[in-house]
Amino acid sequence: MKIYVDGREVIINDNERNLLEALKNVGIEIPNLCYLSEASIYGACRMCLVEINGQITTSCTLKPYEGMKVKTNTPEIYEMRRNILELILATHNRDCTTCDRNGSCKLQKYAEDFGIRKIRFEALKKEHVRDESAPVVRDTSKCILCGDCVRVCEEIQGVGVIEFAKRGFESVVTTAFDTPLIETECVLCGQCVAYCPTGALSIRNDIDKLIEALESDKIVIGMIAPAVRAAIQEEFGIDEDVAMAEKLVSFLKTIGFDKVFDVSFGADLVAYEEAHEFYERLKKGERLPQFTSCCPAWVKHAEHTYPQYLQNLSSVKSPQQALGTVIKKIYARKLGVPEEKIFLVSFMPCTAKKFEAEREEHEGIVDIVLTTRELAQLIKMSRIDINRVEPQPFDRPYGVSSQAGLGFGKAGGVFSCVLSVLNEEIGIEKVDVKSPEDGIRVAEVTLKDGTSFKGAVIYGLGKVKKFLEERKDVEIIEVMACNYGCVGGGGQPYPNDSRIREHRAKVLRDTMGIKSLLTPVENLFLMKLYEEDLKDEHTRHEILHTTYRPRRRYPEKDVEILPVPNGEKRTVKVCLGTSCYTKGSYEILKKLVDYVKENDMEGKIEVLGTFCVENCGASPNVIVDDKIIGGATFEKVLEELSKNG
């Protein structure tokens, strides 16, 4: 298609989504603060104004047509853009030097580009909130109401934990009832952070904890994820460096790390264990489909939204936690030191990994998680030129990995790695990969023992619900919360859009190409670990496997009925939500209260009313201590109370 831009002829694709993208694809960048190619068109910021036949309109909402005449930089458009920026800045927190986005903020960049040195409009003040309850930090004083986070959370991730509230000047993006983020169903994927154009959303910085550890007498060990090495060079103006991981090892040793291991070894370990777990389930026809569990954002989403599928999640830990447990439980013993002596630092592309490390199931394993951006900050703080660092290999025994293990950093990597193990152990007769539909890839696999199954790769949590409703014939499903997998994690450098993520996936593939080992089975260090330290099933289960639990999507609000203030007690919570109430929970509550009173147990059994335990399909629900009883009856509650006292 031929259009005319500022008086010159330009050829664009016929199927462009809008004029904004069409111009971007031919090298003409129109300013914008609210446009996301992956989400719906919003048109709120008005920065992307262009003139068409004398009429000024937003380029993000305009479809190009043959012969269109476009003006992108008239004096009138320039003045309108400046006015918009000044109005935004008038109520914006302009403490740029202490902002997490200093140097990468789009608003800051445009203010510089348009030469804004003073604000002509009076600054009006409104109440702001800074929520630091979770690894994702919210600061409404820096929010420009672009709606990017709202659309990403709702449309791409299907979570919808944040939304616009109030009206006019008082408008704000917040959670339901202004609930702290950590108490909501937020999966902490960080995609809102990745797409936020300002510092309104950021990631909790844990560098100070590392500095403190480096100054102590602890053994400081680092481990680096695959996707980190594919992106960190962006912070230093390097297009691609397949030796970046080894340079990072050298840098970390320089600042005081004692050992640096490769999380790709943990990926080999997880894939090997998960392949055997899947094959056993497949042969028995139990707990299928098996979902991968490497992505902590997906795991948290499943706990909130799909409690019925928790038994289907692979019980194998993520590479971070599996390798971390091996280091703390096995490597520490071989060093002859208590595990508390080791301070373990995980370098990840992911914000949810911070939450994963803090889960009670993993307490004391990974001490801190630093994102790719935090690692870049660490390098900049040190004043060391990463380009001139002499590469060093990862430390043995957990520094050797396969191509397949390194592939965990991109979408499809986990499934491919599991297949590589099955091919080595059993043999694959045929793999038939179907054409992707809505970004979801499905493959039909036939093993040499005659067993066949289907596998799927899904990235973006918003695609999961529809897929599960429509497809019941898939036996193994890889789910990654972030588009393009871990290379698109919320902790990766800015910008973090689809084009950049595609490039990172390419860098990772190029890096995989220099690996001599193809599959985890070829990793002799992994096989030695199994032979020496993971010989029996009990040890493997203790070191490599974990558990999951249903989580509420809303804060727990209980009603005291028979409270017991202090002392040793059993607690019974009867759900009084609509579904449970209509199916008899109130009758259970009445019987329970009468039972406690008649048997003089008011100081021993606490009775509470609660609302929505996220298990409506099994109503009525009663929680005895921490155990949810679905399809509850008064008799079942008494039976549970009779256990352990």
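The first residue you see is number 1, and the count goes up from there.
Using N, Cα and C of the backbone, Cβ positions are placed for all residues, glycine too.
The Cβ of Cys48 ([2Fe-2S] cluster 1 binding site) has 25 neighbouring Cβ atoms from other residues within 10 Å, across all protein chains displayed. DSSP assigns Cys48 ([2Fe-2S] cluster 1 binding site) to coil in the three-state reduction, outside any helix or strand. Annotation source Swiss-Prot lists [2Fe-2S] cluster 1 binding site at Cys34, Cys45, Cys48, Cys60.
If you look up Swiss-Prot, you'll see His92, Cys96, Cys99, Cys105 marked as [4Fe-4S] cluster 1 binding site, on the strength of similarity to another entry. Cys105 ([4Fe-4S] cluster 1 binding site) is surrounded by 21 other CB atoms, counting those within 10 A of its CB over all protein chains shown. Cys105 ([4Fe-4S] cluster 1 binding site) carries neither a helix nor a strand DSSP state and counts as coil.
Listed in sequence order, Leu33, Cys34, Tyr42, Ala44, Cys45, Pro197 are the same-chain residues at least 6 apart in sequence whose CB falls under 8 Å from the CB of Cys146 ([4Fe-4S] cluster 2 binding site). For the recorded site, Cys146 ([4Fe-4S] cluster 2 binding site), the DSSP three-state label reads coil. Residues or ranges marked as [4Fe-4S] cluster 2 binding site by Swiss-Prot on the basis of sequence analysis: Cys143, Cys146, Cys149, Cys196.
If you look up Swiss-Prot, you'll see Cys153, Cys186, Cys189, Cys192 marked as [4Fe-4S] cluster 3 binding site. Other Cβ atoms within 10 Å of the Cβ of Cys189 ([4Fe-4S] cluster 3 binding site), summed over all protein chains shown, number 32.
Long-range C-beta contacts of Cys486 ([4Fe-4S] cluster 4 binding site), restricted to its own chain and to partners at least six residues apart, with a cutoff below 8 Å, comprise Ala225, Pro226, Ala227, Cys295, Pro349, Cys350, Phe408, Gly409, Lys410, Met480. The [4Fe-4S] cluster 4 binding site annotation in Swiss-Prot covers Cys295, Cys350, Cys482, Cys486 and rests on similarity to another entry.
The annotation Fe(2+) binding site is assigned in Swiss-Prot to Cys486.
The [2Fe-2S] cluster 2 binding site annotation in Swiss-Prot covers Cys575, Cys580, Cys612, Cys616. In this structure, Cys616 ([2Fe-2S] cluster 2 binding site) is part of a helix by DSSP. Within 10 Å of the C-beta atom of Cys616 ([2Fe-2S] cluster 2 binding site) sit 17 other C-beta atoms, taking all shown protein chains into account.
Remark: secondary structure over the domain '2Fe-2S ferredoxin-type' (1-76) totals 12 helix, 19 strand, 45 coil, with classes taken from DSSP. Annotated domain '2Fe-2S ferredoxin-type' per Swiss-Prot: 1-76, in sequence order.
Sequence-distant contacts of the domain '4Fe-4S His(Cys)3-ligated-type' (76-115), counting only residues of its own chain at least 6 positions beyond either end whose CB sits under 8 Å from a CB of the stretch, comprise 31, 33, 45-47, 49-51, 56, 121-126, 128, 137, 139, 141-142, 144, 197-199, 202-203, 205, 493-494. Here Swiss-Prot flags 76-115 as domain '4Fe-4S His(Cys)3-ligated-type'.
Counting same-chain residues at least six beyond the ends of the domain '4Fe-4S ferredoxin-type 1' (133-164), those with a Cβ under 8 angstroms from any Cβ of the stretch are 33-34, 36, 38-40, 42, 44-45, 88, 92-93, 99-101, 107, 171-176, 180-204, 301, 351-352, 354-355, 460-465, 481, 483, 490. Annotation source Swiss-Prot lists domain '4Fe-4S ferredoxin-type 1' at 133-164.
For 178-206, the entry in Swiss-Prot reads domain '4Fe-4S ferredoxin-type 2'. Residue counts of the domain '4Fe-4S ferredoxin-type 2' (178-206) by helix, strand and coil are 9 helix, 3 strand, 17 coil (DSSP-based).
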- Query: Which binding-site residues (Cys48, Cys105, Cys482, Cys575, Cys580) fall within 10 Å of Cys189 ([4Fe-4S] cluster 3 binding site) by Cα distance?
  - Reply: Cys482
- Query: Looking at the binding-site residues Cys48, Cys149, Cys153, Cys575, which has the shortest Cα distance to His92 ([4Fe-4S] cluster 1 binding site)?
  - Reply: Cys149
- Query: For the [2Fe-2S] cluster 1 site given as Cys34, Cys45, Cys48, Cys60, which other residues of the same chain have their Cβ within 8 Å of the site's Cβ centre?
  - Reply: Leu20, Asn32, Leu33, Tyr35, Tyr42, Gly43, Ala44, Arg46, Met47, Thr58, Cys146
- Note on the structure: Across every protein chain in view, the count of C-beta atoms other than its own within 10 A of the C-beta of Cys99 ([4Fe-4S] cluster 1 binding site) is 19
- Note on the structure: For the binding-site residues Cys45, Cys153, Cys350, Cys482, the largest set of other C-beta atoms within 10 Å encircles the C-beta of Cys350
- If you run the three-state DSSP split on Cys575 ([2Fe-2S] cluster 2 binding site), which class comes out? strand
- Query: Just checking: which of Cys60, Cys96, Cys105 have a Cα that is within 10 Å of the Cα of Cys196 ([4Fe-4S] cluster 2 binding site), counting only these binding-site residues?
  - Reply: Cys105
- Take the Cβ of Cys34 ([2Fe-2S] cluster 1 binding site) and count every other Cβ within 10 Å, whichever protein chain it belongs to. 23
- Note on the structure: CA pair Cys192 ([4Fe-4S] cluster 3 binding site) / Cys60 ([2Fe-2S] cluster 1 binding site), Å rounded to integer, equals 20
